[in-house]
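Engineer: Provided herewith is a single structure, encoded as structure tokens, for subsequent inquiry.
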Amino acid sequence: MYTEKVMDHFANPRNVGEIEKASGVGEVGNASCGDIMRISIQVEDNIIKDIKFKTFGCGAAIATSSICTELVKGKSIDEALALTNQAVADALGGLPPAKMHCSNLAAEALHEAIADYKAKQEG
Amino acid sequence: MQPVYMDHGATTPVHPEVVEAMVKAMQANFGNPSSVHAFGRAAKALLEEARVSVAALMGASPEQIIFTSGGTEADNIAIFGAARGMRQKGKGNHIITSAVEHHAVLDACKALEKEGFEVTVLPVDEHGQVHVEELEKALRDDTILVTIMHANNEVGTIQPIKELARLTKARGAVFHTDAVQSFGKIPVDVNDLGVDLLSASAHKIYGPKGVGCLYVARGVKLTPIGYGGSQEKRRRPGTENLPGIVGFGKAAAIAAVEIEEEGTRLRRYRDRLIEGLTALPHVKLNGHPTNRLPQNVNVSFQFIEGESLLLMLDMKRIAASSGSACTSGSLDPSHVLLAMGLSHEIAHGSLRLTLGRGNTEEEIDYILNTLPEIVERLRAMSPLYEGKEVVMSCTQRR
Amino acid sequence: MQPVYMDHGATTPVHPEVVEAMVKAMQANFGNPSSVHAFGRAAKALLEEARVSVAALMGASPEQIIFTSGGTEADNIAIFGAARGMRQKGKGNHIITSAVEHHAVLDACKALEKEGFEVTVLPVDEHGQVHVEELEKALRDDTILVTIMHANNEVGTIQPIKELARLTKARGAVFHTDAVQSFGKIPVDVNDLGVDLLSASAHKIYGPKGVGCLYVARGVKLTPIGYGGSQEKRRRPGTENLPGIVGFGKAAAIAAVEIEEEGTRLRRYRDRLIEGLTALPHVKLNGHPTNRLPQNVNVSFQFIEGESLLLMLDMKRIAASSGSACTSGSLDPSHVLLAMGLSHEIAHGSLRLTLGRGNTEEEIDYILNTLPEIVERLRAMSPLYEGKEVVMSCTQRR
Ligand SMILES: Cc1ncc(COP(=O)(O)O)c(C=O)c1O
Ligand SMILES: Cc1ncc(COP(=O)(O)O)c(C=O)c1O
Ligand code: FES
Ligand code: FES
């Protein structure tokens, strides 16, 4: 069902947790549909220095959260914003069709976290 | 350690003696039971022998058993057959079922709604039980069919079939029960239960997949749903699945001998699991505390989701199942858990362990030792869970 | 001498490698293909492997194959499904079939008549063939489904499916063919034939009883006839008959290798039998002289009745079948033979010998040596027969 890469990120998720005093936090989904994802980022000089996630969801949800943090850690905000759900799925070697929406969530949570960061900057 | 199979509610390993009987039926007795020659007669004899053995395990007469291609088809033949048959006789138009039925029953009833039948779906209580008073309220003069399962496949709750059937028959309607999960596991006697129609399936009792049966009491009219040859009194046409049926017969014969002892053994394992798992924080037993199948354990772990739990268990070589929608790719979690009043979130965190012949005391220990760690690990990743149990990261714990 | 099995049209022995594959599927891979754990994934892999192999033997893509519980169910899913599906789309109401179809097709069409569909039954010629012009005449703007078998089970006549399908599809109707008797015996290619739906059955090609499949071309809408789980794209719900399906896959793989050589071999036996038997007095070949299945021999012996003939053959350890009503307990003899214009009397005297893998040259000799005596013996008892061949009583002859 899942690729080896998915199972690797599921079994050994990278960057699990929560950043205290994060620059931005994004949370998407709801428990009724079975996915909740929260991503917190620490930004310095427009670079994502640190990123952590917490996820309530299926194997694909956990794996996409994990790879998403790995893909953008150390990247600029603009590079992170360019990350699409397809890129997340591709980085995992693909997802089953029924599980594509899980990768949406990871990208969305990241974008939310960046929006939160920007809002704080402006505010 | 061998992989631990605790998903007997989904399907069971095939008993070695069943395999043996099936191989013999394919090698030495491959004839078509409808043929008049020696090959045909030998096949026919095997077919009828299996019918005797399956009938015996439910206290029926052999001629009351129709072999089908599984539990789903048995349910469909019973429900479409009885509903259309009764309507043709002008008896009415109203069907009653429950909210926790298998999809083979629920979706058949939904399809009948499109044909103009009216369907009442009875609610269940927090343990998944149908109350007799609910049926009493729902029964009408034009009720023609009541279909309520004997034991639930997800939470193991056993329904008061005897009372439900008596009430139904007093009103002149037909009573069907889906006994796919109870047949061969707890005593099932069609006369004692007082049902008109009863479905069972071989692959839940160490028989092969693709075979089931329907008990049909004398005098019950069924409009066929399939057309073809005159096999099984025209109620289920098509060349009989002889090796499968022979396997079902053998499985029923073995179950008849083992049912009591196995029931006692599995009940003990079940209770150990329930006790051990519900002792963990934020865990809830699903289903009836006592009136449940000996082989069924169903618990919800708050803050975590079922598929991830199954995958982690799988990595520890434990096979189980869940009522989370994420395992099925659909949106809503198990309709059974929702009907019992569980929130979506709690339903998503459900785990079903269904025990069987091969399970051992050591396996119960293994589960009880392995699960807490996995649950804690997943909770540590969960944004819903902020308890202090997560002070140590799970990787350190390993 | 071993008993001589010449009833492969009714069912075939299961190939030893098929049995082996099924045993493995039951012992090592008993999981439910819908389960997410390792047992389930292994079972799922086997299921899909079988689908590839069955699809390959008919030039289809695996995702176009739906596994069913046999040829009968495949026919029913196709016919009810397409007819109701097309009517729902408002395409019309008219179905065309032929007079020589299997009961799984004919009786399904009859049942649809009760639902308000109109059914035209095409006649056949004296060889059992449907003429393309007859279809041309029958097609209407509201024709939604044409169902005509590839090869006949009783007389082996092959229909001009390619032309029939082309004509049908040019009028926007769905074309179904029952290929239960031809699949694995003669080349069957869904694209070459140009059909939308095609039924096959495992137990006619040395696979197990209780499994079949339906090919469904892309874009063909089928209203389901069964309800339950979401297996087989909801077109055939219920836990998959995994050992059976694995056996079907294996049987198809073997057939792919053997089909040509076996066809040539059986054609030779067939022609020897036809030549030898029709050389006897008052014997008539039924079915097409050349355009027939390699394994099918069907002759009528005037003045005698099929069941007695079968019983006498059975005493000589020969297993065969007949289109006589007496073998089925009904009143009318084979509808196929009657549709071909045979009188009741001649139809009653029909004998079908269907050849297969196990048959040998010696067995052909044995039949050719044994049958004349039996025929003569029965004729000697027949009030219809007053020929002088009966001067000597048959007991003296032995
Ligand atoms: C309660 C119940 N009914 C019906 C079925 C369907 O049986 P089968 O898989 O044999 O079609 C099942 C099992 O899947 C079941 O648990
Ligand atoms: C032409 C034809 N169609 C359908 C069937 C039915 O197939 P099954 O016995 O697998 O249901 C048969 C065989 O019995 C057949 O010969
Ligand atoms: S979280 Fe449910 S499908 Fe991914
Ligand atoms: S002669 Fe006896 S049934 Fe036909």
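Placement of Cβ uses the backbone N, Cα and C atoms for every residue, glycine included.
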Engineer: Of C:ASN29, C:ASN153, C:ASN286, which does TrEMBL put in the pyridoxal 5'-phosphate site with C:GLY71, C:THR72, C:GLN181, C:SER201, C:ALA202, C:HIS203, C:THR239?
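Structural biologist: Looking through C:ASN29, C:ASN153, C:ASN286, the residue TrEMBL assigns to the pyridoxal 5'-phosphate site is C:ASN153.
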Engineer: Can you name the recorded positions among C:ASN153, C:GLN181, C:ALA202, C:CYS326 whose Cβ is less than 8 Å from some Cβ in chain B?
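Structural biologist: Going by the Cβ criterion (under 8 Å to chain B), the recorded positions yield none at all.
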Engineer: Measure from each Cβ of the binding-site residues C:THR72, C:ASN153, C:ALA202 to the atoms of ligand 2 and list the residues where some distance is under 6 Å.
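Structural biologist: Once distances to ligand 2 are taken from each Cβ, C:THR72, C:ASN153 fall under 6 Å.
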Engineer: For C:SER201 (pyridoxal 5'-phosphate binding site), what is the secondary structure by DSSP, using just helix, strand and coil?
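Structural biologist: SS state of C:SER201 (pyridoxal 5'-phosphate binding site) = strand.
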Engineer: Quick one: what's DSSP say for C:ASN153 (pyridoxal 5'-phosphate binding site), helix, strand or coil?
Structural biologist: coil
Engineer: Cα-Cα, whole number of Å: C:THR72 (pyridoxal 5'-phosphate binding site) versus C:CYS326 (active site, cysteine persulfide intermediate)?
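Structural biologist: Per the Cα atoms, C:THR72 (pyridoxal 5'-phosphate binding site) and C:CYS326 (active site, cysteine persulfide intermediate) stand 23 Å apart.
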Engineer: Give the number of CB atoms, excluding that of C:GLY71 (pyridoxal 5'-phosphate binding site) itself, located within 10 Å of its CB.
Structural biologist: 30
Engineer: Report the mean pLDDT of the predicted model across the domain 'Aminotransferase class V' (C:4-366), rounded to a whole number.
Structural biologist: 97
Engineer: Taking only the binding-site residues C:GLY71, C:ASN153, C:ALA202, C:HIS203, which have a CB closer than 6 angstroms to any atom that belongs to ligand 4?
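Structural biologist: Going through C:GLY71, C:ASN153, C:ALA202, C:HIS203 in sequence order, none turns out to be close to ligand 4.
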Engineer: Max CA to CA distance in Å over the pyridoxal 5'-phosphate-binding set C:GLY71, C:THR72, C:ASN153, C:GLN181, C:SER201, C:ALA202, C:HIS203, C:THR239?
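Structural biologist: Largest Cα to Cα distance for the pyridoxal 5'-phosphate-binding set is 30 Å.
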